[in-house]
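Below is one structure, written out as structure tokens; comments come after it.
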Amino acid sequence: MANSDNSAPPPTSPPPVRSALSLPQSRSRSHGHGGQLGTRLARGTACEPLPTASCSLEMKVAVGPDPSLVYRPDMDPEKAKDKGSFRNYEAGPLLDRVFATYKLMHTYQTVDFVRKKHIQFGGFSYKKMTVLEAVDMLDELVDESDPDVDFPNSYHAFQTAEGIRKAHPDKDWFHLVGLLHDLGKVLVLAGEPQWAVVGDTFPVGCQPQASVVFRESTFQDNPDLQDPRYSTELGMYQPHCGLENVLMSWGHDEYMYQVMKFNKFALPPEAFYMIRFHSFYPWHTGGDYRQLCSELDLAIYAPLGAGV
Ligand SMILES: O[C@H]1[C@H](O)[C@@H](O)[C@H](O)[C@@H](O)[C@H]1O
Ligand SMILES: [Fe+2]
């Protein structure tokens, strides 16, 4: 485990990475949108204004709960958990590690911190690599915020992509979203602490809402909650300002979105949106933060309503 604030035990019985996934031989060619790109990852000094969303209301595929929720890898279907048993933050063998990661995240993710990270990584000068090189880097990463996944994230990337391919064989761009969605976690291999990379996201600059995991037990040392500008329900935002204008806690979603935008990934707008907000469980699954949503955000959210 590299560069982590809270060290992880070695993964237990890692499943065979990739071998059972029947990838196409020409995997990068068959999904040419991203696989062959020499992608520049961000680490630099230039400050980029907060990005604007590029989604249209014609969006056909709703952004949903993290695809990984549905397609958690499990080599043995007999032992596969049903959906309801994922994301248990009250009990389980990994609970201490998960709690420790969120405690740090909910203490140190502040408006100032997030603004600094946008500046630090807004220069896109960290490294040039292909998408598949980034996937390979994730061989070294076990996500310490995840109560369900205790093996390298590279495996999780392929499994998610293959699961989406099975469910949506006609949407090649969506398969690629599965492969890409967590690649922002390479930040951990670049020396960032896990609490600044992984886990569910939440808006900074306003009061954390009820469905944020460990909401009651992890925010007490976050200075923003003592700051009158940031501690009301709306905090520093205008009602219905739109998620594109909200400063989310810094992590792999926003970073990967920025990288895709900078490198002009040839993917539909919904792919960008999905990746940017896939960890925003308090919104897409918890149903919170509606007061910050634009009509577009609500239109995307609406199809999820029944399921959340
Ligand atoms: O712990 C997990 C993990 O970090 C995922 O990559 C993220 O998308 C989820 O939101 C989170 O629950
Ligand atoms: Fe993720």
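Cβ atoms here come from the backbone N, Cα and C positions, even for glycine.
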Record-annotated Fe cation site (TrEMBL): member among HIS118, HIS168, HIS252 besides HIS156, HIS181, ASP182, HIS278: HIS252
Further substrate ligand in TrEMBL, beside ARG87, ASP143, GLU144, SER145, GLY199, ASP200, HIS278, SER279, within candidate set LYS185, LYS264: LYS185
ARG87 (substrate binding site) versus HIS181 (Fe cation binding site) - Cα distance in angstrom: 18
Around the Cβ of ASP182 (Fe cation binding site), the count of other Cβ atoms that are within 10 Å: 31
Separation of alpha carbons, SER279 (substrate binding site) and HIS252 (Fe cation binding site) (Å): 9
Contacting binding-site residues, sequence order - GLU144, ASP182, LYS185, SER279 vs ligand 1, Cβ under 6 Å: ASP182, SER279
